[in-house]
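**Student:** Just lifted these from Swiss-Prot, have a look:
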CARBOHYD  N219  N-linked glycosylation site
TRANSMEM  18-38  transmembrane segment
TRANSMEM  62-82  transmembrane segment
TRANSMEM  96-116  transmembrane segment
TRANSMEM  149-169  transmembrane segment
TRANSMEM  178-198  transmembrane segment
TRANSMEM  281-301  transmembrane segment
TRANSMEM  310-330  transmembrane segment
TRANSMEM  344-364  transmembrane segment
TRANSMEM  374-394  transmembrane segment
TRANSMEM  424-444  transmembrane segment
TRANSMEM  453-473  transmembrane segment
Amino acid sequence: MPDNHGPWGLRWRAKPSFILTTVAMGLFTDLVLYGILLPALPFTMRNRFDIPNAEIQHYTSAFLATYAGASVFFSVPAGWAASKLGSRQLFLGGLMFLVVATAIFAFSTSLVLLVVSRLLQGMSTAVVWTAGLDMVQDTVEPSQVGETIGTIFATISVGELAAPVLGGVLYERGGISAVFAVSAVLLAIDLALRALVIDKKTAVKYESPRLIRFPVERNMSDDHVASAPTVMEAQESVHEGTRLLPQVDDDGDHYKIDRELGSIVRAIPLLYCFREPRLHLAMLLSFVQALFIGTFDATVPTVAESLFHFSSLQVGLVFIALMLPYFALGRLSGQAIDRFGTKAAATSGYAFLVPCLMLLGLPEKNLVPKEANVALFCTILALNGIGLAVVTSPGYVEAIDVTTKYQVANPGHFGENGPYAQLFGFSSLYFFTGLAVGPLLGGFLRANFGNAVMGAVYAAISGVTAIVSFLFVGVRRFGPGLV
């Protein structure tokens with residue numbers, strides 16, 4: 001048993017800055033090991049498995065959808081397990097799936113094993129994102145959730161940005177073995193951080209609550225940390241009315257559970273929260289965002305190869321145009337949500353994406369010389385990247401807001417570990433469903449009708465989402481018991 005002082009290095013291992021760094025590194029590694037394969041995947045299909053050129057788009061979309069489908073299937077179980085076992089243990093365990101998946105992909109000689117590797121990586125992603133975001137929610141103040149998620153997403157977007165480029169360089173220079181070697185180094189660093197981190201729920205058992213700081217540390221000075229509220233103080237402030245953005249109403253009675261619950265809802269208490277339509281809309285935002293991301297992941301490599309005859313390295317470089325806005329605008333987008341609310345961010349982001357998605361059909365018309373056409377393609381991707389950066393956080397923040405209201409109105413209903421692991425499990429379910437549908441729908445539309453029709457369909461989806469966001473996101477206007 002640990003002594004009264006707790007585990008070795010408790011203070012720094014339980015610091016918010018270290019917890020958030022560990023979570024960010026876990027998500028970063030997950031995205032890198034996903035993105036590092038994107039530019040190499042079409043070439044791997046052809047060179048290792050002799051897939052005909054005409055079928056490469058189909059196989060590429062199918063493998064990406066397999067990964068996302070596994071994430072869909074395991075998201076809710078991961079949320080349930082995190083709420084029962086604790087997020088830190090699950091966060092560490094999820095890495096094992098990723099290690100095995102990476103090794104199988106590097107050395108597999110059959111399509112069946114390649115499918116297995118995608119399934120395992122999808123399982124790992126479901127666990128890592130669900131448990132990781134739950135640890136973030138436990139660590140930061142409610143009023144800082146939007147900025148924190150935006151900052152983390154901006155940080156890990158470096159992985160999204162660098163991975164395709166790195167994958168293209170490594171595959172072109174050293175083949176799949178070079179890709180695996182770099183992946184192994186990242187996994188080793190990630191494993192060390194996950195083994196060391198101590199989450200807040202564990203840390204508070206060993207020390208006085210006043211020594212366990214709750215909010216995000218904006219810098220590392222002791223004076224600043226000393227002025228921060230503690231876990232207990234922050235929890236008290238929540239019960240006194242602290243709210244996540246967007247702030248919508250104070251009707252606590254609406255969120256009060258006043259009926260006998262069935263066995264399924266008692267086992268998964270978050271299910272009751274879906275009586276609130278805003279939670280469904282929050283999940284819809286996550287689905288549509290992922291739908292677009294999955295489509296770009298599946299179609300950008302094949303468009304770049306077929307239209308411009310790019311190598312794997314050049315395909316990786318093209319992704320910079322799409323991912324750079326994430327890095328540049330992620331934190332600003334999160335701050336804007338904390339200040340102006342989810343309605344403004346979701347509405348403006350999806351409205352902005354409408355014309356950007358419509359432009360996707362221009363490059364294939366060859367209206368300008370090849371060099372200018374490449375620049376046009378990259379510019380269109382960058383514009384879409386700006387829109388995607390804006391719509392990254394609203395769904396998460398909206399869902400947290402609704403769930404927090406239920407938690408405050410019903411103390412103890414969600415158990416010792418709270419509702420957020422289950423929430424992020426369901427959020428991941430919707431997100432990865434979009435990530436699974438995106439490659440299939442986008443690949444089908446592009447292969448059968450071309451980029452122009454694909455862009456028009458997605459622009460229509462984005463327009464409808466913008467209208468729904470303007471009318472209903474952040475505002476409780478319909479549903480049972482509303483006034």
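Cβ from N, Cα, C; glycine included.
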**Student:** Using a Cβ cut-off under 8 Å, which residues of the same chain at least 6 positions beyond either end of the transmembrane segment (281-301) come close to it?
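**Tutor:** For the transmembrane segment (281-301), the far contacts come to 38-39, 41-42, 57, 60-61, 64-65, 68, 315, 318-319, 322, 346, 350, 353, 357, 381, 384, 388, 391-392, 394-396, 398-399, 402, 426-427, 429-439, 441-443, 446, 451, 454, 458, 461-462, 465, 468-469, 472-473.
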**Student:** Sequence-remote contacts (6 or more beyond its ends) of the transmembrane segment (310-330), Cβ cut-off under 8 Å?
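**Tutor:** Beyond its ends, the transmembrane segment (310-330) has Cβ neighbours at 35, 38-40, 42-43, 150-151, 153-155, 157-158, 160-161, 164-169, 171-172, 296, 300-301, 304, 377-379, 381-382, 384-386, 388-390, 392.
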**Student:** Thinking of Cβ pairs under 8 Å, which stretch from 18-38, 178-198, 424-444 has the most of them with the transmembrane segment (453-473)?
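**Tutor:** Looking at each of 18-38, 178-198, 424-444 in turn, the most contacts to the transmembrane segment (453-473) are made by 424-444.
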**Student:** Taking 18-38, 96-116, 424-444 as candidates, which has the most Cβ pairs under 8 Å with the transmembrane segment (178-198)?
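**Tutor:** Counting Cβ pairs under 8 Å, the winner is 18-38.
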**Student:** When you scan the chain for residues with a C-beta under 8 Å from the transmembrane segment (96-116), skipping those not six or more beyond its ends, what do you find?
**Tutor:** 29-30, 33, 37, 48-49, 63, 66, 123-124, 127-128, 176-177, 179-180, 183-184, 187
